[in-house]
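Undergrad: I'd like to ask some things about the structure below.
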């Protein structure tokens, strides 16, 4: 864009402007064609068009004069007069702009048949004579009163040039007519280039909302931070003008905002396009509504998206949003070629009349406007009266809202009044509307957030009516009681089985610990020591240099530093980091070296080999040659990165177990084609699919590239999985191996081969079509056929390989393909992202998202379910392996609705599980067990995790649950241990401080502690907090329950106390 905001051309001298002559010629023909065909209807019978642009401005505004320049020339030329005559185009502008328009003079005659005449105005010239000359050309020798000139009457004159022209034009006796309608007609239908610009702007708008704004709001709400609407506006604007923050690969030079992003909440809403974000803090308590609207521009073309987010919505809010959503979709679907523009508004109102007539008085007066270079194209308003026919190539901002709704039951002014708004950018194609902002979901499940505690939800549920004397009611009540009794019996059976498993598990663990069978951790390869690093064999090999400058010898992987008049070589592996900075006219380089004892390598033997040596830790240089400094720093970093990558790959390969050689099958092997592999091969170039073949003693996967080949021996396969596509996008075969292999340059134990059963990537702005659309039905049938065909091919391959594995030579391997049981699956976070985790016969797996999760059930010692109860909506699973040197694997944020199913599955698989009300710090626990296994066995083994035993012991003790408190007793005091067996000791770095606490705090109940906390809050001015805030904080306090009993040497994570 020549200037992003209305002609601001600062710094334009550094940029070269190229006018697209073909686009100019094509669009000038469109302009003149519309002028000729609709001269009376849209152009007021104008004989000439006079368009003048105002001076540059920092304000965001949309002017038809500026839009015309952008549409014709690709740039906006401020303070420029353009006059269109029947055979000529006159342009009056500054000399600098005139040079840019010279190329138009040469090509316009050939492409359009029109002469472009440029009138260059010097800096000190007011342009009056040139203006009068143009006015004479307009008159063409006729009486001025008989000539009609079209102009933009609504654009007020700004600046000396525009005011002088307006004055001369008014005094010329021409008949003046407004031609805004004609320009709107020209701008209404976009060509493919314009449509693509709108698509990109829409994708950017939706991506900023989806990938930047929504995650930010979730963090603010989850952590209960305070942030104002204006601060959100500023942060979001930065994300729009820097698309990389929203994970969008668009050049920042081509994008801008349509308007400052709008954020509204707390009962104050304005659904007008001119709305702004105020300085009020974001309100996100129960019944809160947050309205977000974002508009982005790409190459000067606009797009808009708006969403409303509901927090713990009540019934009225939920209904209002669902009806609004349905009406919004109806309005979009009504925008089909040939329909009048009013069809969109009528479709929306018909939905409200059927499903929510009480909301009609609150409905916005239009369902949107046209959009393009202008944010609001005046002639394309989607109201009930506009009968203009919709054409292919038009674009609309479909904007529908409900304002000033009220929750009658709420007395809080911040939640009593609320408004809802939805907006999408729609492009009209031949088949119908296409949504350019569809990547940001607006379904109710995706915009409604629930933060209520389960206790609150239970209170809101209506209590069941007591059974009456009616026989039917009494019978129903008895049935319900019988069902509860059956559930209790089922739970009791599970508890008894778990108790037996606990006894067996403790005996098994005792035997294994006694025999020392703890397993071995992953070994490490040989690490290269600094004593083995040789830069040059002798002094003569050092390259000669006349100048004492830092040099990088890439051939010998060394850095030559000038020290005391000599060039001293250092191997690149000795360099830990290099830093450069500039100060004034000089540049500084600081090189830090790896030295013994500085955490360089645990196996570095240099200090032992050269015990008396003196090591250089760091060195700094100052240089006046900034360019050379930057070049040296870049070379050192690049060389170091290459060497580290090469050495790490060597170290990884050194740890690999040598496998047997693959024996190729003489006959045609069992084969599966067009597969992709994960992890993918490295290297540049286009990725290729490959073929998986089953040979005599292993699999071979290969592509068309000779170096892309992987062999997997049958004897190296620990688990094999076949997962057909059901609700997933891929069908896959997955192999979990005993020993690592290399796939390309990656070392891995998991290799997966898969096929996409349908296109995972959806076209930008794919519009919704009718359920009965024949094309839609045909595409769905094709997708089903493709999925069934792929699943069948994989199934055939698996059956044939299974038959191969049944041969006598493979019987001892006990190989078979496991198929995950989807009905037993649950959602959780095993790594960083949520995933659907599924049990198989022998494993617990997640094979869709990377990194993969494969847990062998036989490797599991016990499972501890953490954060269970307390009205939590989610809990965590800690899996302890039989190899105590292996880190405990955690699966976080599992929905509490999956708890019973997981317990039942583990019970059926004879996996001992425990429950705790807090997260445990497992590393010190396992270290304590390894340090003193006998003590662990004597203390009852894993029974310190048994919360039920701890509860029963506590009930029999003198102190009740209400009197429980974390103990600060001395660990070495045996007498105090006997006095209080039911108290658990939590070791942490705060223990010493806790021992100094006053005796007044000992013996206080949780109710007393919370009463004190409330009193302190009031003294600090926190009494204004709402009851909802206090309940939320109370639910978050993980330390409000008694901790499970545990051996004094087994530290836990300390609960947060108020």
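Every residue gets a Cβ built from N, Cα and C, even glycine.
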Undergrad: Given 729-748, 749-768, 769-788, which one carries TrEMBL's region 'Disordered' label?
TA: 769-788
Undergrad: Short question: which residues 6 or more past the ends of the compositional bias 'Acidic residues' (773-782) have a Cβ under 8 Å from it?
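TA: The answer is 431.
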Undergrad: Within the compositional bias 'Acidic residues' (773-782), how many residues are helix, strand or coil going by DSSP?
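TA: Final tally across the stretch: 9 helix, 0 strand, 1 coil.
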Undergrad: For the domain 'Histone chaperone RTT106/FACT complex subunit SPT16-like middle' (826-916), give the DSSP counts of helix residues, strand residues and coil residues.
TA: 16 helix, 42 strand, 33 coil
